[in-house]
Structure formats: structure tokens, C-alpha cells
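**Student:** This is the feature table in TrEMBL:
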TRANSMEM  21-40  transmembrane segment
CARBOHYD  91  N-linked glycosylation site
DOMAIN    93-150  domain 'Potassium channel'
TRANSMEM  124-145  transmembrane segment
TRANSMEM  171-191  transmembrane segment
DOMAIN    179-260  domain 'Potassium channel'
TRANSMEM  203-221  transmembrane segment
TRANSMEM  233-256  transmembrane segment
């Protein structure tokens, strides 16, 4: 009995956690993303940079009263204006970025940690208030989304029961995913395409980047100076973002839990198969004669 239990003890001691595999997979995923983004974007960036330099040369040739230094200074002014949230296009009659609707939208991007980056406080008082507003607002937002997620999850069976008892729970989960996908990922790009003049692909890109709180800021609703938006447009968008965040966060949690279960199950099966193989090998070996040594 002592001899037959030794391989199992050995396999238990040699059992390796799946966490290192997850770490390696995570790093590999980052490296893969870096290589793909570099392959897709670097050449286009070089093209746009060369094109921009060519446009500046053409501008200097057409307006000989300007020199390169004056042009570079004007470009710097434009960059500073953009960083302060002022769109260089249009004129001074453009609507304010800090009316109530836009301020409400900005407050939502702060507490949800989206942070588009196209608009930020420029005064010291506004910056200090933003820090403390986020300090209390982010936990409040997390508590609100958590409670909202519980409300959404109340109409579903838990993932544990879904895994153990497939059937009706799978139907409920499919309805939940399908309805949420239509409401938050499929239909909104149609509206944004109509209002903002984007393509459907650009609208879908904005939708996912926003609801996932990535928030690059390259596409933001209600910022085109050549369009006239209804006053509550951005406020309604902020409300849509809050409910979309709760839904997508729940989807991400389900995906993360399934991924962890898959990794644990796969590694557990590997360990079990190794242990069974070692046990089978011992059973196949002929029993060795026992030598009794008198005390």
C-alpha cells in the first residue's frame, strides 16, 4: 500500500498551478497585439506624416509672406487649442464645451474612467475639483454598476448552474447576450452614423471603445462644429453609456470566469491523466516478492 500511494503523492507534489500559464499567455497576447498594430499602423503613420510635411511646404509656397518659423508657431497654437478642448474648425460661434449637457457628459466620462482626452479642465480649481470628484465618484460608479449588474443578473441563472445544468439557462443566457448586443453594440452605431456622419464601422468602433472604458478619444459624439445637436444629445448618450457599461462588464466577467474555468479544467485533466497513467503502470507491473526480515 505504501508503494502504490507514492506515485500519487509524487504527482500531487509535482502539480503545477495554471497561473504561470495564464501569465505567459497574457504576455504573449500583448506581444502579439504589439506586432499586429505595428504592422497595420506604422506604414500609414509614415504616409500621413510625409503628407502633412508636404502640405506645409505647399502652404509656404502659396503664402510667401510666411516663413517656416511662423507656420510652426501657428501649428503650435492649433495644437494647444485642441488640447484645451477648442476645435480649430469653425469660428467663435461654436457651442461651448462646458454647457450643462457637455459638462454632464464629461462628468460621466470621469466617474466611468473612460477619459476620452479630448476635453479636460484647464483651470487649477477645475483640476483640483476633478481629482476629488473622481476620488469619490469612481467608487460610487463601481457600486452603482455592481448593483445594476445584480439587477441584470437577477434575470439569469448563475454561471455555475449554467455550466452544470445546460438547457433553459443556456436559452436565458443567449437571450441576454443577443438583446444586449442589439441594444448596445448593433443599433447605436446606426444612430451615431446618422447624427455624426460616421460610417457604420466607425460608429461600431466608437461604441465598443467607449463601453469597454478604453476611450481613445479619436471619436467622440457631439464634437463636430459643423453640426447642430439637440441639447440633450450628449446627456442621453451618457445614460446609454452607463447601462452599456453594466451590460458589457457583466459579459466580460462571464468571459473571464469561463476562461479561468477552462484553464483550470484543462490543467486538472492533464494532472489526472498523468496520475492515472502512473497508477496504471504500477498495476501492470508484476508484484514483487516481499522479503520478511525477522526482527
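Every residue, even glycine, has its Cβ placed from backbone N, Cα and C.
In TrEMBL, annotation is done automatically, which means it is predicted and not curated.
Have a look at these and tell me how they're positioned relative to everything else.
**Tutor:** Counting residues of the domain 'Potassium channel' (93-150) by DSSP class, helix then strand then coil, yields 39 helix, 0 strand, 19 coil.
Cβ atoms under 8 Å from those of the transmembrane segment (171-191) belong to residues 152, 155-157, 162, 198, 200, 202-204, 206-208, 211, 240, 243-244, 247-248, 251 of the same chain, restricted to positions at least 6 beyond its ends.
Secondary structure counts, DSSP: the domain 'Potassium channel' (179-260) has 58 helix, 0 strand, 24 coil.
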**Student:** Could you please provide the mean pLDDT value for the domain 'Potassium channel' (93-150)?
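**Tutor:** Averaged over the domain 'Potassium channel' (93-150), per-residue pLDDT gives 88.
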